[in-house]
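Colleague: Supplied in structure tokens, the structure appears directly below.
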Amino acid sequence: MSERQRNLSLDIAKLVLIGMVVAIHCEFLKEYDRIGYYLYDGLFRIAVPCFLLINGYFFYKFVDTKPRAWVIGVLERYAFWMMFYSFMWLRPDEYNVKSIALIIEYIILGFNHLWYLSAIIGASLLTLLTRKLPDWVRFASIIILYLCGYGLQYFREWQAFENPIMQFVFETPLVYRNFLFVGFPFFIMGYLINKYKMVENCNAIWPLLGIAFGVPAILFESHLNMEWSGRPDPLELLFPLIWVCPAIFILIMKSPVMRPATSLGYYANGIYFIHIFFLAIFKKFIHIDPVPRTLAVFAISFIATFFLIRLNKKFPFIL
């Protein structure tokens, strides 16, 4: 019997992308001001959309066979990690309407980095619900929904709210960073890339051009945000991501290096889920600069994932 094969190029790319996520959360190179901002609030923002694309791409083969099992698997993972991090979000200072509303928001949309799993769940369900729609409608929805989220982000950035309800709604980035405005556009994009065999049919020159024009565009928008932003909050949705991320994904998939399956594919998941735990420890007890903090959190999360992979063999809802 032949061994199951995995795309080593994709697994390595996922590790690079997860390194970007860790760098964002650890504010890598923040002490260098401008260059740090261009990275952790600019170029590194390709990471999560690329992961959403990857999930959508591989979800395609489950749609006609076992979509329910796929969605339940993600739900179990979401429930496990939400419980794991409950000590960070399930302890309001006081039990009032606002704090209870915030807890409900976390349960539905995800705490901190776990919004990503919530986005995948919502995006996969929306993909199933829109199966019978013409694909041109779904292609159009990518642009429309992403632009809505993009616009809400800047509206939140520049608008001062006096109404307390509006203040509560817009004080969280989850108002735009959710399954509808980020999750579904990139997830369905990956799904449609697989459906229309764009990896096989697309000449490599097109994704290369997309990256060549897109990366400077990301840096330019990041520069404008740094110059004009009136708030300290990061601006996560950059307009060029809508073509740069699929271009990067297609290029990676066009250069496969197939190898027998190993545990390497699990490392990106493990590091993503556990790194916030170690980052919280560093912020509370170990005060070091962003660069060594980033390297330390990544290294410790990598080691922890080794043990998570072994636990996952007994409890497959972990990774």
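Backbone N, Cα and C define each Cβ position, glycine as well.
For reference, TrEMBL lists these features for the protein:
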{"type": "DOMAIN", "residues": "8-309", "note": "domain 'Acyltransferase 3'"}
{"type": "TRANSMEM", "residues": "12-30", "note": "transmembrane segment"}
{"type": "TRANSMEM", "residues": "42-60", "note": "transmembrane segment"}
{"type": "TRANSMEM", "residues": "69-88", "note": "transmembrane segment"}
{"type": "TRANSMEM", "residues": "100-129", "note": "transmembrane segment"}
{"type": "TRANSMEM", "residues": "136-155", "note": "transmembrane segment"}
{"type": "TRANSMEM", "residues": "175-193", "note": "transmembrane segment"}
{"type": "TRANSMEM", "residues": "205-223", "note": "transmembrane segment"}
{"type": "TRANSMEM", "residues": "235-252", "note": "transmembrane segment"}
{"type": "TRANSMEM", "residues": "264-282", "note": "transmembrane segment"}
{"type": "TRANSMEM", "residues": "294-311", "note": "transmembrane segment"}
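Give me the structural setting of these features: burial, nearby parts and distances.
Modeller: Here the transmembrane segment (100-129) has long-range neighbours at 21, 25, 48, 51-52, 55-56, 59, 63, 67, 70-71, 74-75, 77-78, 81-82, 85, 88-90, 92, 168, 172, 174, 177-180, 182-184, 186-188, 191, 272-273, 275-276, meaning same-chain residues at least 6 beyond its ends whose C-beta is under 8 angstroms from one of its own.
Below 8 angstroms of C-beta separation, residues 19, 22-23, 25-26, 28, 263, 266-267, 269-271, 273-275, 278-279, 282, 288, 318-319 of the same chain, each at least six residues beyond the ends of the transmembrane segment (294-311), sit close to that stretch.
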Colleague: Establish whether the number of Cβ pairs under 8 Å between the transmembrane segment (205-223) and the transmembrane segment (69-88) reaches at least three, counting only pairs separated by 6 or more residues.
Modeller: no
Colleague: Restricting to CB pairs under 8 Å, which listed stretch, 12-30, 42-60, 69-88, 136-155, 235-252, is in contact most with the transmembrane segment (264-282)?
Modeller: 12-30
Colleague: Based on Cβ pairs under 8 Å, which of the stretches 12-30, 136-155, 235-252 lies most in contact with the transmembrane segment (175-193)?
Modeller: 136-155
Colleague: Is it true that the transmembrane segment (136-155) and the transmembrane segment (69-88) have 3 or more Cβ pairs under 8 Å, skipping pairs fewer than 6 apart in sequence?
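Modeller: Between the transmembrane segment (136-155) and the transmembrane segment (69-88), contact is absent.
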